[in-house]
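Here's the structure, in structure tokens; my notes come after.
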Amino acid sequence: MGFQKFARGTAAMALVMGAATAAQAEPLKIALVETLSGPQASTGLLYRDAVKYQIGKINEAGGFGGEPIELLEFDNQGGPVGAADRVRAAISEGATVILQGSSSAVAGQVTEDVRKYNLRNAGNEVIYINLGGEAMELTGSKCHYYHFRTSPNAAIRVNTLLDGMKEADVLGDNVYAMNQNYSWGVDVQDNTVAAADRLGFTVVEQTLHDVNKIQDFSPYVQRIQAADADTVITGNWSNDLLLLMKAASGAGIDARFGTAFLDQPGNIGNAGAVAEGHFLSAPFNPEVNPEETAPFMEDYKSVTGHYPSYVEPATVFGMMLLQEALKEVEPTENGLNAADLAVALENATAETPMGTISMRGADHQAILPMIVQEVSLDAQYKADDTEYGFVPIKVISAADAEQPVQDSCQMKRPG
Amino acid sequence: MDQILFALLNGTIYGLLLFMVSAGLTLIFGMMGVLNFAHASFYMLGAYFAYTLQPLTGFWLAIILAPILVMGVGILVERFILRHVHEHGHAHELLVTFGLSVVIAEMIKMVYGKFAVDYRVPAELNFAAFSLSGIDYPFYRLFMGGIAVVMFIAIYLLLTKTRVGIVVRSAIYRPQMVEALGHNVPMVFMGVFGIGAALAGLAGAVAGAFYTTNPNMALELGVMVFVVVVVGGLGSMGGAMAASLLIGITNSLAVGSDFRIADILILIGMGGWAEEIGGLLTMRMSSLAATLPFFIMLLVLVLRPSGLMGEKE
């Protein structure tokens, strides 16, 4: 008797609960598939901070379809294999949007997995928002309709950097291209060589080296010196950048470095005076548009505990694009329809402290302003508790920073 | 000519650094038969301890105290962890040291953060020793090389010329006999482990300032150190020195070289074919430089499995 009553009660409860969920739209699930543990986790954790920050903002403003957005975190452990597995897990847990940023190698895997999944599950697609994989192939030969890149790419980085350095009259005639031997490094090298005629410099030598395996860069520095380079353009990041700069400074070489990732936390702290005078092209600088940027800096710090740097600002801006796109989409009874969101994202623009950023429909590459900056004692916001920081030299508008769509991008559109 | 001279010098100094770390590893292996996966972690600890001490004690005292602290950690590890695991066999010891390396890396991240810290060469040591065809040679590199050489001589003399050395060496071959003669063999092992750790700590304290002190440094150097020890022959101090120099110098020369396999094939008239195939045949030596040590290891393992100077098993 007792059991029967209990069973009947439970069944009734289940019915009521079932009805309640059916009436409400499913909350939107966004999955962050990043490197959250292991040696490369430092960058992955920055992506997480930035994503959490902006999703918090979106949820404060009402979330999606009246429900807060749910952020799922998956640790890809730094490699494409882990990422493939985690992307599957994310999709099976109901994520409609997948976010990932660190490493073009991982991005290449994720974008292929998403493309294949969408082929097999028409009508039930997922969207991949690439927050930081900057290799050209991701919006070139590997481009597809459900991939969106919100960060700059190698062509944008290198051309804005070279333009800014040329205009500041620090580029010199002899440029050395020193890069890591994988998709991103090769792209930086190719774009440096391609810009030589336009800007009137000579690429005296090109070197590709192993990624994050080299302790001693002095033999490479010797080559820079032998080539009589005025400027070294490098896409190197992390230790490969630090050790290269330190070895060059130790050898007394005064070649100036033009970099893409000098603002990674720890770099300025470790290099100290060695970094002074080196250049960086990045989508953010805290001294540009101070009346809008300063409140953003302080707000970000109050939420996450630190000022935004490195990949964080661009990630926040990318999430702003997603926020604007979500405003244009109506939830269906099954939650978000990815095809609707893709249409909205293609046409999205967002107002950021750095200016307007927008998504280009032809290859799904974000068009965004870039700031060419120099490491200097005069910076208002110091990096890594040192006396150095980044001073903006030239703000390049989104229109000027834009690079042409690659011919290799054959995007198949639905319908 | 100057180029080659620089490449040789760079390679030698890098080789000497590798020796500083691998010396302790090979010493411990020779003595206790334990392949210590956590060895490169002692190198990292040395760098972080010196970084922490430097503001309090100054650079010189920091690079003396840091290895002593690392020795303390090493002794604790041997006394309270390895000794208990020893009776269960080598596989268990291997796993324990591997786990230890992960624990140390995570603890460093918790205490010092995930990014590189600003441990740098002090200003008074940061000058050029000499200058050749426009390139300065940093004095600090010579300083690192000097320390490694002094270390090699000191260990060599200690092991071959002193009473302590005799006890240590006999404890490897006939531990029971040495014990019967009244020597405390567990104590000897503990001391050897401590000294091995201290050597790695010293290398870290000195090299951490020149390269970077970050939570991945153990991982970055660790692999290379194992290559050195395998190529040199497990347990052989002289072998470790020879292998370190071999790897350092080939690496440095390879970076400066634009040699391609296709260049040889041109000589026998197959250049066109090689260019067509591309891939490995047209890859420049300079972009393969960091892979060469592994190639050397492969060769050694195939041709002389006990290593350059290892004893035949």
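Every residue gets a Cβ built from N, Cα and C, even glycine.
Whatever TrEMBL says is automated annotation, not expert-curated.
What TrEMBL annotates here:
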- B:12-38: transmembrane segment (TRANSMEM)
- B:58-82: transmembrane segment (TRANSMEM)
- B:94-112: transmembrane segment (TRANSMEM)
- B:139-159: transmembrane segment (TRANSMEM)
- B:187-211: transmembrane segment (TRANSMEM)
- B:223-249: transmembrane segment (TRANSMEM)
- B:261-281: transmembrane segment (TRANSMEM)
- B:287-303: transmembrane segment (TRANSMEM)
In terms of Cβ proximity under 8 Å, which residues at least six beyond the ends of the transmembrane segment (B:94-112) contact it?
34-41, 44-45, 48, 77, 81-82, 85, 215-216, 218-219, 222
Report the listed stretch (B:12-38, B:139-159, B:261-281, B:287-303) having the maximum count of Cβ pairs within less than 8 Å of the transmembrane segment (B:223-249).
B:12-38
Which of B:139-159, B:187-211, B:287-303 has the most Cβ pairs closer than 8 Å to the transmembrane segment (B:58-82)?
B:187-211
When you scan the chain for residues with a C-beta under 8 Å from the transmembrane segment (B:187-211), skipping those not six or more beyond its ends, what do you find?
17, 20-21, 23-25, 27-28, 31-32, 36, 39-40, 42-51, 59, 62-63, 66-75, 77-79, 82-83, 119-122, 138, 140-141, 143-144, 147-148, 151, 155, 167-168, 171, 178, 217
